[in-house]
Amino acid sequence: MPTNRAAWQPAKKAPLLEVKAAPYPPPKANRIVVKNGAVAVNPIDWLIQSKGDIMFTWLKYPFVLGSDVAGEVVEVGKNVTRFQVGDRVLGFARGTDEKVNDSSEGAFQEYTVLVPDLTAHIPSSLSFESAAVIPLGLATAGAGLFQQDQLGLQLPTSPARPPTGQTVLIWGGSTSVGSNAIQLAVAAGYEVFTTASRKNFEYAAKLGAAKVFDYRSGSVTQDIIRAFKGRTSAGALAIGQGGAEACMEVLDHVQGRKFIALASYPVPQEEPKRLVMLRTIIFFVSWIISFKFKGLLKGIKSNFIFATSVNHNGIGKALFVDFLPDALRAGEFVPAPDAQVAGKGLESIQTAFEQQKQGVSAKKIVVSL
């Protein structure tokens, strides 16, 4: 049996990961084990590290975090037929999901257990580093666009579906979630309006956005409203601080679907110095009540996205099994944003956290293993 090592979150709010031995996770009947060639980091990883008593309260430490992996299949459960040892894959590691809560399914280790329906074959031309940028962004975008409790759009296909005649607004097009959402929406037959900084206009357009707007412009919402004239809204996906409020302003003045899928959580502009947990909860609840009430007055509904929900409703299979392998092979879906490699080895994951905290634009921080 192989030996395994992991970058453990040793305790709640412990400031540094600890790299040490971890159990090798043999697969259950409906699981596979992947030897990771690369992993990606996401803001949720270092937010759990710094605010562990506010979110993901069910985690029992020490714990292995991480959601994005790419590597080679080394073991398959007896009921798995779609994968074989040696297959190159990417996968959404769902260890932090409340219904899973299992370090063996965390990304930040040498070997990770994956669910076949959240795993996709990748072409030989695609590096593990590039593939690792996809899983969580794909799942989050897919949940927001296609789940029935979200926008409920028709599913993507490869090749893309014919145009529906509807337009979806994606606020934050150069983010990881936004980059995936643009491509998914286009593959599903929707026109995409998105926002980005001016330096990322070309980037968003290459992913398939029909129109890109400068989110820093003081007239951005009015510019989008004017562009929607004569068009029918399919709803909005809001990513990043301030995106939800801006999407509400736009949807209040356009025809069609008035629903916002919320991919980001509001955070206080200033970190509370005392009673941190209580004050943060009060801020969060107050924001939700205020936002929902404003939406009620305008006839606009909204819902927060939980990426792991795609594992429980068939959307995960539709994305990772039915769509992504063919789309990657045909070049109709590209890994985006580009990978920015922070280093090699599990010891580099904490460094990757720090790099991402500083902010990146149209990039995703990746660690080679």
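Using N, Cα and C of the backbone, Cβ positions are placed for all residues, glycine too.
What Swiss-Prot records for 13-367 is domain 'Enoyl reductase (ER)', and it gives sequence analysis as the kind of evidence.
Classification of I44 (NADP(+) binding site) by DSSP places it within a helix. The feature NADP(+) binding site is assigned by Swiss-Prot to I44, D45, W46, L47, I48, Q49, S197, R198, K199, N200, Y215, V360, S361, with similarity to another entry given as support.
The N-linked glycosylation site feature in Swiss-Prot is assigned to N79 (among others). According to DSSP, N79 (N-linked glycosylation site) sits in a coil region rather than a helix or strand.
Taken from Swiss-Prot, the feature N-linked glycosylation site applies to N101 (among others). The local packing around N101 (N-linked glycosylation site), expressed as other Cβ atoms within 10 Å of its Cβ over all shown chains, amounts to 15.
What Swiss-Prot lists as transmembrane segment is 280-300, and the listing cites sequence analysis.
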Chain residues outside the transmembrane segment (280-300) and at least six past its termini with a C-beta under 8 angstroms from it: 51, 54, 244-245, 248, 251-252, 258-260, 265-266, 268, 272
Reduced DSSP assignment, S197 (NADP(+) binding site): coil
For K199 (NADP(+) binding site), the number of other Cβ atoms found within 10 Å of its own Cβ: 10
Cα-to-Cα gap, I44 (NADP(+) binding site) vs N79 (N-linked glycosylation site), nearest whole Å: 32
